[in-house]
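Annotations for this protein, taken from TrEMBL, read as follows:
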BINDING   209-216, 234-238, 256-259, 322-325  GTP binding site
BINDING   Ser216, Thr236  Mg(2+) binding site
COILED    164-198  coiled coil
DOMAIN    203-369  domain 'Hflx-type G'
Amino acid sequence: MTEFKSTERKDLRERAILVGILLPDGRYNPEDPLDEIRGLAKTAGLVVVGSLLQKRQQVDIATVVGSGKVEELQGLCEAQEADLVVVDHDLSPSQGRNLEKALGVKVIDRTEVILDIFATHAQTNEARLQVELAQLDYSLPRLKRMWTHLSRYKGGIGVRGPGEKQLETDRRLVEGRIQDLKAKLHKIQARKEREVAAREAVPTVSLVGYTNAGKSTLMNALTGADVLIEDKLFATLDTRTRRWPFAGGGHVLLSDTVGFIRDLPHSLVASFKATLEEASQADLLLHVVDASSPEAEAQIQAVNSVLEEIGLLGHPTILVLNKADRVPDRSFLDVLRAHHDESIVVSAAAGDGLDRLEQAVREALNESALDAEVETAVGNGRVLSYLAQHAMIRGRRYSDDDRVTVDCRLPRRCLGYLAEHGVDVRTDGQRMYA
Ligand SMILES: Nc1nc2c(ncn2[C@@H]2O[C@H](COP(=O)(O)OP(=O)(O)OP(=O)(O)O)[C@@H](O)[C@H]2O)c(=O)[nH]1
Ligand SMILES: [Mg+2]
């Protein structure tokens, strides 16, 4: 019966029903609480054929939504010939199983949709390995819980059943693959670090921000690059770095990064940490915001919490309020600007405000680097090669007592390292970009 139906259908994409649970403390778009999960479903290539919302004090332990809603959902699935149900909430393995049993269709949660999108969008070898690592990290505890659940039945008759053995085999396979992936990623990242170190000592700036905020559009507008832009979530998964020539002279290196989202699955944050850590090498972050979204403020907070997780919250940052051309009401921008003093309004698509952005970046970079004289022993190879990698060296003076003084432009973030190594640093506070 079902088979007959599906061969009759012209559109072979999977048909999905979205389920949202409105909890008292949940942060949703009040006009359309399913807005984001609908965007995720669309990006994952699903056709949304229906949706269902339930207001609750807390999620139902067994089935997330209440039993009445489960019945309603089952009717909806049949009427719409749905292939799957997407729940905008994390599901425990047993909640997923219970719902699947009751509904007779596949049930997936928000994290699985995000992991799926990442898996289809990953293009470089590194991104693919990171996604696979995240997927295995996500499935490992589920694997355990799934088998534990089974072996509880088997354990009842007092035997170490095949479930237990199977679990061991599966777990060992998965754990082995995880180690293998980590080793491969480690190699790639070590190579990248060498590449970064070998770069000329030009200031670097990283774009960060909520997914779909317009980071890649801004990257293209500033550097003339040709990075993929799509009205989809997570269009960019691979970091790219391009030269951003300043209209007023000089240039910096600008990197695009993977977008953030509220409640980014932990396994993903962990495996993309290395990619995001490129941002921590940057002298400055541009936090790009879709200022035309009613969720702008909540998205800023979500990005800040990921930044905090990867230790970047205190990093020098400029907030870029993008899509100004689409903001329906100016007063909306004023509210955002009042909350965030270091912010610049732009439209990456229309090319508005980019000159002001350049000026703000110059000023921030001036503040983030110092003219310095660093004195150390001629034989201190470690510190001298550190300086060669991180500072813009202008000259060296040698003295009779085997000491060298390096005259350079030094990023502020290097002061900690030099202090740790007991090196003497003198600064006169002159600015490089006037
Ligand atoms: N109206 C308007 N649309 C913009 C602007 N900047 C970007 N967009 C649109 O917003 C959508 C997302 O842009 P991207 O540049 O791909 O966003 P992103 O932040 O790189 O997104 P991910 O890589 O998916 O995280 C695209 O449809 C862009 O055309 C802008 O200034 N104004
Ligand atoms: Mg992008």
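Cβ atoms are placed via backbone N, Cα and C, with glycine included.
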Tell me, by DSSP, whether Gly209 (GTP binding site) is helix, strand or coil?
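In the DSSP reduction, Gly209 (GTP binding site) maps to strand.
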What whole-number Å value do you get for the CA-CA distance of Lys323 (GTP binding site) and Ser216 (Mg(2+) binding site)?
13
With H, G and I counted as helix, E and B as strand and the rest as coil, say where DSSP puts Lys323 (GTP binding site).
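Where Lys323 (GTP binding site) sits, the three-state DSSP reduction gives coil.
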Out of Gly209, Asn212, Lys215, Ser216, Val258, Lys323, which binding-site residues lie by ligand 2, with a C-beta less than 6 Å from some atom of it?
Lys215, Ser216
Between Ser216 (Mg(2+) binding site) and Val258 (GTP binding site), how far is it from one CA atom to the other, in Å?
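The Cα atom of Ser216 (Mg(2+) binding site) is 10 Å away from the Cα atom of Val258 (GTP binding site).
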Tell me the Cβ neighbour count for Ser216 (Mg(2+) binding site), meaning other Cβ atoms within 10 Å of its Cβ, over all protein chains shown.
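24, counting other Cβ atoms within 10 Å of Ser216 (Mg(2+) binding site).
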Looking at the binding-site residues Gly209, Asn212, Lys215, Val258, which sits with the largest number of other Cβ atoms within 10 Å of its Cβ?
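Of the binding-site residues Gly209, Asn212, Lys215, Val258, the highest Cβ count within 10 Å belongs to Lys215.
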Quick check: in three-state DSSP terms, what is Val258 (GTP binding site)?
coil
Summarise the model's confidence over the coiled coil (164-198) as a mean pLDDT value.
78
